[in-house]
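Here TrEMBL flags B:116-396 as domain 'NADH:quinone oxidoreductase/Mrp antiporter transmembrane'. Under the heading transmembrane segment, TrEMBL lists B:6-22, B:66-84, B:104-125, B:152-174, B:194-213, B:225-246, B:258-279, B:285-303, B:310-331, B:351-369, B:390-413, B:433-455 (among others).
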């Protein structure tokens, strides 16, 4: 417990320095301090002026303005989802797909063009090869869903959905030192139903003659269900289905969480009652909710801080001392062209050095990248690409592994954010122990796209049944930071 | 029996004055009004043997009026006790006006029930709309702008314009608007029986009857708790009371138009109970159940038989006590989980057994389980309605069955189910709040002892 506290304090300091930068630089053009004279629209249950209501009702008649019937942000909703990326949309999908009678679901997204959304900037890969069993199961869930996505996501009288799933396995290469770990991982994955095979050096040489196997002992290949897809298309297919099911999408930025003091025999506690949303039309809207799900991706830490997570309250045996340890980390993806590189049967190769590449299309293009060391983390202020990183880190590793890549040319590159979990780079899901109506779905650290659907199903089960049914994700609860039971994943890309 | 009646008369006034003094100056004024009425009634010593009291041509008090007045006081006291959170003693700035809004709704209802002529009758019938609308708009939960209020206003006002025309016509025929003179006048050769239909329309919309009921679920879902309680407990009974007055004074007989209306109303009640079973909003379920109960009330008055009239009045009273309590419980659930959805409020039985007990008792009363007042009224109603048309047994039986369906559906979803990991902690319900339900519980489950009280 002490260690957890100390660690959390270090994390605290780390977060503070990083995120103070975020606060200053990262918000899209708006400051977090809003001006007091913006008009406020009351949330449900608060008294409003009847005269103003009538004035607004008859203003189209008097002034010739046109108002929509619906207000920009609903005054109250049962479930509020902050963030309209893949995770938020998937959560909304599973909530409403079961029954549109669950209640009202609202998704708040601050940028409909998704210019910085990690979902859209992702390479979109899906693999079953993890060392944590729950991660394997979540990816399998996504694969199964994507197998039948047309059935799940078709909307009556609209064009059929698309996700552009390319079936190709992942190939993890391991030197002698980590060969045993890889073997155990493959065994575990196979026991869970993932079709991963372990390939010896000879088999690798036979299968992939273009691969340089110096220092490689074994490799694990996923033979079914792995590949990559277009997350942009998946988000839009899910969104179309959500809109057909009655999910309400709103454009606005959450700027404040409204709390309420509640007294009971055990003492006073705060509960989260609603949010203040800043809208482009210049007004603030109050929105009360029963339950809020944080799907803000890399900016989840910001949202959690707005929700007073980590403020230090205590109630009974629940406490609120730890902040959400999620922050954005920039990762680059480079596209290069190699005229005589490996062709159709190229798996998604992951080098022991951390560099990876995969085939893109059929014209000799490849995309690649690597995770930098902790000391070399790039600046998260903007999405500019660092080409030196490619020249100094990524390309040498890949050229070493695939000699054909010596004759390659960098074509393009882009950057995106990981929602990086500082503690153990794994999912944080479930309710906060003190603010029990604040649910997390954060910290996937690069696996968000392949786990989003499983996370959506898990959140739905939490809300509907009170416990997990399909995949038991209780190991990933927020409480693990206080109980010091971190879940470490070995196979991080 | 006179002793019981005396007790029934005094207690609500005392309760009301007690609560009012604590809460606001408006409440004090309200308590004053009630004491004034009480005093007037006391002056005429007919309070002891109470049958038909007419101090002047505009005020009339008979057994039915008296019963309805008692109901209004009861519901007002209940709604004040249950919206203590909104009123928050000492009064906060934001709750300013809720108590006076409540008083302004209840005052025209009181005057309506003791109206002795068509003028005050119609005036207070319409006037009760305005404070209701104001309450819904100011403290309501509406997502969009004026929808619920517009529906409420347009439906009720629109349907009562024909009523006004007919009343004016009748007044010119009779020469006065007094009920007594109207009862003594033979109007049959001035206009046909079918003039009754537009007159009844206003009350059918108010009751409401399926077909004109659309405003009620909207108004209930969006109204604040106190508004919902008064709406369900009292405002719907304005329609029922108007129906009785019209029938008795028009000397209605069971005729073709009455049978036609009976069949449509019963069928509407059945449909409404079916719709109720498909709702996901707790308040919506209770609102549609009001529609189906009120359709039974309307049919019982249309059947022109004294025993059914007893059943109808009893059902009105029982529903007027049970429904506001259910709305108060729903509002408590909303306070707990911030949601009115039936899927988000779960496992009440495991977490708060006392709260669950009250849910159980009122749901069970709602589905007419013995020994509640609803049960007696429903049994008497069914056995009398079969005498006007045996074919009504089928839809009535189905209505009864589907009432049970949605009641058990509501109880099951609310009380059972997995404990939501995110809804564990609760601030606590005050004892005073729970005790207010005890009064209604006693009335509902021991009221059958005074069943002859409803033989108005």
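Each residue, glycine too, has its Cβ placed from N, Cα and C.
When each of the listed stretches B:66-84, B:152-174, B:285-303, B:351-369, B:390-413 is scored by C-beta pairs under 8 angstroms to the transmembrane segment (B:258-279), B:285-303 comes out highest.
With respect to Cβ pairs under 8 Å, the transmembrane segment (B:104-125) is most closely packed against B:225-246, considering the stretches B:66-84, B:225-246, B:351-369. Long-range contacts of the transmembrane segment (B:152-174) within the same chain, counting only residues at least 6 positions beyond its ends with a Cβ under 8 Å from a Cβ of the stretch, are 118, 122, 125-126, 129, 132-133, 136, 181-182, 185, 187, 190-191, 195, 198-199, 201-206, 208, 212, 214-215, 218-219. Take the transmembrane segment (B:66-84) and the stretches B:194-213, B:225-246, B:285-303, B:351-369: counting Cβ pairs under 8 Å, B:225-246 has the most.
Count of Cβ pairs under 8 Å against the transmembrane segment (B:225-246): among B:194-213, B:310-331, B:351-369, B:433-455, the largest is for B:310-331.
Stretch with the largest number of CB pairs closer than 8 A to the transmembrane segment (B:433-455), among B:194-213, B:310-331, B:351-369: B:310-331.
Tertiary proximity for the transmembrane segment (B:194-213) is limited to same-chain residues at least six positions away from its ends with a CB under 8 Å from its CB atoms, namely 125, 155-156, 158-160, 162-163, 165-167, 169, 235-236, 238-240, 242-243, 246, 250, 252, 257, 261, 264-265, 267-269, 271-272, 291-292, 294-295, 297-298.
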